[in-house]
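Enquirer: The structure's right below; bear with me while I get my questions together.
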Amino acid sequence: MKEKFLKIILNPKYIFGVYLIISVTTAISKYLRGDYAINNYLIFKNVFFNTVNRKNLFIHYPDLYFDLNHYGIFFSLLIAPFAVMPDWLGISLWNLVNTFIFVYAIYKLPFSDSKKALFGLFCLQEYITAALSLQFNVALTGLLLLSAAYIYEKKEVKSVTAILIGIFVKIYGIVGLTQFFFIKNKTKFILSGVVIAALFFVIPMAYSSPQFVVQSYADWAQSIIEKNNENQVLGNMQDISLMGFFRRILGDASISNLVFLAAGLPLFALPYIRIKQYKHYAFQLMILASTLLFLVLFSSSSESPTYIIAVVGVMIWFFLQKERTPFIIGLLVFVIIFTCFSTSDLFPKFVKENYIKKYSLKAVPCIVVWLRVIYELLTKDFEKNYSLNS
């Protein structure tokens, strides 16, 4: 019995199958709760319809949905096949496709099957949080993983395509360029990137107009600036980040992001001085782990569903370890309990409202792990101290 159980738990096919089942069940459960529960999807599908009708993508449409869209006009192309379906089907397939990209990206990581299975298992709770939001974060995480995997495989066109999809949808994809120094054929990467970016820019013009597309990018930039300012409010659902943690602990929402970035960016960039380590895939993956954590921890837009990105960074760091000491395991448990389960029923509502949400405590374990990742990037020998397939 025990052997059969372990055979299932350590088989990535079973774990990935669970992900795909959950993707559909979460979507249907949200649909059955009414329009309020699927508001994010209503925003997304109307990016397509508003593009076709040449209506501003970044203003309120209270008769259609509440809140605002913050995705670029290129997203209209991605959401189009789902938008024209009945909502119950569109939501289900939208979640399913996002999840497939995510699990395929885990499959592409250079870990053993048992590691991939545990990787997926440890991410499952955070994945459910993200899947329930119906947002793009699950697919974006997969695209960032794929961009790094394709660089190692010397598939520059696929890598830059994954990065550009992320950039044109949510800007976040730009962090995929942190792997640029590891690219063998940089010329091919750049040239193909220019061509693909031009295509991504032009394609929406086919079902709107050149003027509307250009104006939409200007509107998008303005909406991002406004959203950043709105996020820096004490106690809201955004700014669950390193910056938000300190702003809320200090009770001062006026502290600029630049104060944190002035310290965070140099610290993030410092490992790149270790040029001799570039050739080791473990070093490249650890840079990826740092990138995924940095992206979430240094963004005022970070909210609970965004943490699928950071948690995947934590898992890359953990499964690269050759020796998993009690300290390393303790950090993983810290993340799983206080980040992954921070919004679950594991914690009483009083604790969630008055401590976890109020002080952005969901970010704290990931802050600690990110600092540990930077330490390892600066001090460890990635040929000897880390393992991939074992």
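Heads up, the Cβ atoms here are built off N, Cα and C, so glycines get one too.
Those TrEMBL annotations? Automatic predictions, nothing curated.
Just lifted these from TrEMBL, have a look:
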- 14-32: transmembrane segment (TRANSMEM)
- 64-82: transmembrane segment (TRANSMEM)
- 88-107: transmembrane segment (TRANSMEM)
- 127-151: transmembrane segment (TRANSMEM)
- 163-182: transmembrane segment (TRANSMEM)
- 189-207: transmembrane segment (TRANSMEM)
- 253-273: transmembrane segment (TRANSMEM)
- 280-298: transmembrane segment (TRANSMEM)
- 304-320: transmembrane segment (TRANSMEM)
- 327-347: transmembrane segment (TRANSMEM)
Enquirer: Please determine whether the transmembrane segment (189-207) and the transmembrane segment (64-82) are in contact (criterion: at least three Cβ-Cβ distances under 8 Å, sequence separation 6 or more).
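Expert: They are in contact.
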Enquirer: For the transmembrane segment (88-107), what are the same-chain contacts with Cβ under 8 Å, counting residues 6+ beyond its ends?
Expert: 12, 16, 19-20, 22-24, 26-28, 30-31, 38, 41, 44-45, 79, 81-82, 116, 119-120, 127, 131, 134, 136, 138-139, 141-143, 145-146, 149
Enquirer: When you look at the transmembrane segment (14-32) alongside the transmembrane segment (280-298), do they share 3+ Cβ pairs under 8 Å, ignoring any pair fewer than 6 residues apart in sequence?
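Expert: Judged by the Cβ rule, the two regions do not touch, with the required three close pairs absent.
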Enquirer: What residues elsewhere in the chain lie close to the transmembrane segment (14-32), defined as a C-beta under 8 angstroms and at least 6 residues from its ends?
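Expert: Contacts with the transmembrane segment (14-32): 8, 38, 41, 87-88, 91-92, 94-96, 98-100, 102-103, 106-107, 116-117, 120-121, 124, 127-128, 131-132, 134.
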Enquirer: List, by number or range, the same-chain residues at least 6 past the transmembrane segment (253-273) whose CB is under 8 A from its CB atoms?
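Expert: For the transmembrane segment (253-273), the far contacts come to 181, 228, 232-234, 242-243, 246-247, 287, 290-291, 294, 297-298, 300, 374, 377-378.
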Enquirer: Near the transmembrane segment (304-320), which residues from the same chain, at least 6 beyond its ends, have a CB less than 8 A from one of its CBs?
Expert: 109, 111, 115, 118-119, 122-123, 126-127, 129-130, 132-133, 135, 137-138, 140-141, 144-145, 172, 237, 240, 282, 285-286, 288-293, 295-297, 328, 331-332, 335, 339-340, 342-343, 362, 365-366, 369-370, 372-373, 376, 386-388
